[in-house]
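Engineer: So that we are looking at the same thing, I have put the structure below in structure tokens.
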Amino acid sequence: MLPYINLPFQYASSATGASVDELKLITSFLLSYPLAGVLKRIPDAKPYQKNSFIIAVSLFYLVGLFDLWSGIRTLFISSAGAYLIASYVDGPFMPWIGFVFVMGHMSVNHISRQFANAPDKVDITGAQMVLAMKLTAFCWNVQDGRLPQNDLADFQLERALPQLPNLLDFAGYVLFFPSLFAGPSFDFVDYRRWIETTMFEIPAGTDPSAAPKTHKKRKIPSSSTPATIKAVIGLVWILLFLKFAVWYNSNLVLGDQYMEYGFLRRVWILEMLGFSTRMKYYGVWYLTEGACILSGLGYNGVNPKTNKVDWNRLQNVNPWGIESAQNSRAYLENWNMNTNHWLRNYMYLRVTPKGKKPGFRASLATFVTSAFWHGFYPGYYLTFILAAFLQTIAKNFRRHIRPFFLTPDGQRPTPYKIYYDVLSYLATQTAFCFTTVPFVLLTLPDSLLVWIRVYLYTVLGAAVSMAFFASPTKPWLIKKLRMRNQNALQPKEKIEHPLMGLPSDPAGDIDEAVSEIKEEVEARRRRGQSISMPTGGDMKVAVEDRLGQKI
């Protein structure tokens, strides 16, 4: 650590109430803007200088600012291990070996942080979580580069790496300073196209007048305006968080004063606790995205409709989409968007055999990956499990209730649709402010205490809703809807990937697990093995084994 570097942060900490490390983290995000401006001005023809600058800045952050010598060792072990696995392990299991190594190494640090119990202190786990997404994706990209192109989907083909990158490029990718501590994550092909400036080439046939403006001989378009907008919005979110966190925090909902309020006010406090917590993430992700935009990495081509540059390649959050969400899917798909992309592209679709529809195993593998990636606090798992059932309930309401508020062709709202929208908005927001409380409190006793203090209203509401759609009411609704629509064609159901690893239909997953077990038993019987179809308790044990949890 640089001498006396803590003094200004200690003074600011006493003035704002934020911890020294939290202020250092925000400072690193702000420092990334002028440093990204310098990075952008390094000659395009000298990528080795850009890589060297990126590595030097990240080392300054890790050692000069946070004194994380052990953090350098941690990032080196994960990165070197993944690179060696990709280099020397051949065969279809290479990405899985890399995945187990990277996730296992990160899990050790998660456990260490949990035992240390110092949430206000910045350690290396945040950077390691971002790095885990990068490295596991890197292993898959290398594996795709070894396969025949005819065997690859468009997404794989675009990101495949037929050759391993040199160590300097790889180190620059690993230590890209604008996204070092909090993301966003991105694939190596994006970094390579950025550092080689091929990302900014205008497609043939594009109107020259639509080409983005650049300065001097640089190929990277001017990005100061969108980056500044992101920075200003991010700072506003951070300032609002510092203010609201004084009013709404974990001490309030765990204290005796909380029980002096009426039920509705207690629910409102939960909503504001969740909102104030989200503000911190909104601010952090806006600041880091803005620095990536300033460096040029946020470039996403020219929008053909507006003839303006899109800078949303690395967008990680959409606050309006979350705060106005009327269902769980809209809520989740606008949160931590790059993690959703990682889980979908490098777990959910990767465990699915080619030519088959993703099913129970893909959903379970994605759920487990998301859970382990976040850590081992019990609060995470309470949130994940309840949110999974909320997704199922929301899907049932959208499929069987919402159509009654649309015209028979499903294209236009009826005059009563506004009532459905308001009720679904209130239900979604109040359900998720309850569901995400354990994500804030982390420990099991604190999470259960607060849930009980609001009478477990979301748990009870979820149980009633599940029972409602499991009753004869559901077939009755389907019949009524068919009669109302007079045989109108129903839209085909879309295949939906799990957001944040949460299974969208736990009940359907259990049914699929039972079906898979039956098929496996029948297959063994056809091979001449002496085996009988499990029933009753045996079937329950087998399903629990497939799900990895009690039912």
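Backbone N, Cα and C define each Cβ position, glycine as well.
Any TrEMBL annotation is an automated prediction that lacks curation.
Sharing the record's features from TrEMBL:
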type     : residues : note
TRANSMEM : 51-69    : transmembrane segment
TRANSMEM : 81-103   : transmembrane segment
TRANSMEM : 227-248  : transmembrane segment
TRANSMEM : 379-397  : transmembrane segment
TRANSMEM : 418-442  : transmembrane segment
TRANSMEM : 448-470  : transmembrane segment
Engineer: With pairs restricted to those 6 or more apart in sequence, evaluate whether the transmembrane segment (379-397) and the transmembrane segment (51-69) have 3+ C-beta pairs under 8 Å.
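Structural biologist: Contact between the transmembrane segment (51-69) and the transmembrane segment (379-397): absent, because fewer than 3 Cβ pairs are under 8 Å.
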Engineer: Mind checking which residues of the chain, 6+ beyond the ends of the transmembrane segment (227-248), have their Cβ under 8 Å from one of its Cβ atoms?
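Structural biologist: Residues 16-18, 26, 29-30, 33, 36, 269, 272-273, 275-276, 279-280, 282-287, 289-291, 293-294, 298, 311, 319.
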Engineer: Mind checking which residues reach the transmembrane segment (448-470)? Cβ under 8 Å, same chain, six or more beyond either end.
Structural biologist: 253-254, 258-259, 263, 266-267, 270, 386, 389-390, 392-393, 396-397, 400, 430-431, 434-435, 437-438, 441, 507
Engineer: So which residues does the transmembrane segment (418-442) touch in its own chain, when a touch means Cβ under 8 Å and the partner is 6 or more beyond its ends?
Structural biologist: 119, 250, 253-254, 267, 270-271, 273-275, 277, 323-328, 330-331, 377-380, 382-383, 386-387, 390, 394, 397, 401-402, 405, 450-451, 454, 457-458, 461-462
